[in-house]
Structures are given as C-alpha cells and as structure tokens.
Amino acid sequence: MKSTILFVSLIFLAFETVVSNPVDAKNLLQFGKMIKEITGKNPLAFDAYGNYCGKGGSGIPVDEIDNCCKIHDQCYDNLKD
C-alpha cells in the first residue's frame, strides 16, 4: 500500500511537471530518476507490469499501480493531440 501511495504521488508530480514545462517532462531518463528516488526501485521493474505500465496498454488495470500507468498514458495521449 505504501508503494502504491508513493507511485500515485509520483504520477501527480509528473503531471505537474508536464503542465509547467512540457519539454523537460518528456525526458524518460528524468522520469526514471523520479521513480528510483521515490520508490527506491529500479524503474525498469515497472516495465511490462500489468496491462498499462510499459509500452502500450489495454484492458482493465490489474491494480492501483497499473491504473496509475493507465492514467499517465491517457494524460500523455491528450498532450500529443
């Protein structure tokens, strides 16, 4: 549960960064550093996690972390439009 709260906080922090400076927010390395700093885990541990963490995504999120990835994907898609 604690890691879920941290991950949700990370997603909101990333969203705030996107709003304030979209050029820097697109840097995947910076995003990976945030994940490492907040969770203490290797960012690649979340690659291909559930149905939405990693490239692509479909279906129903398997848990709260996967749902955060879904929300992140939707937000990023909205920025591209």
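Glycine too: its Cβ is placed from the backbone N, Cα and C atoms.
As the structure is a computational prediction, the values presented were derived from the model and not from experiment.
The feature signal peptide is assigned by TrEMBL to 1-20.
Sequence annotations record features per position, and here TrEMBL assigns domain 'Phospholipase A2-like central' to 27-81.
DSSP gives Gly54 (Ca(2+) binding site) a coil state; it is part of no helix or strand. Remark: Gly54 (Ca(2+) binding site) has Phe46, Asp47, Ala48, Cys69 as non-local neighbours, by Cβ distance under 8 Å and separation of at least 6 in sequence. Summarising the annotation, TrEMBL assigns Ca(2+) binding site to Tyr52, Gly54, Gly56, Asp73.
The disulfide bond annotation in TrEMBL covers Cys53-Cys69.
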When pLDDT is averaged across the domain 'Phospholipase A2-like central' (27-81), the result is 83
Across every protein chain in view, the count of C-beta atoms other than its own within 10 A of the C-beta of Gly56 (Ca(2+) binding site) is 8
Cα of Cys53 (disulfide bond) to Cα of Asp73 (Ca(2+) binding site), in Å and rounded, measures 9
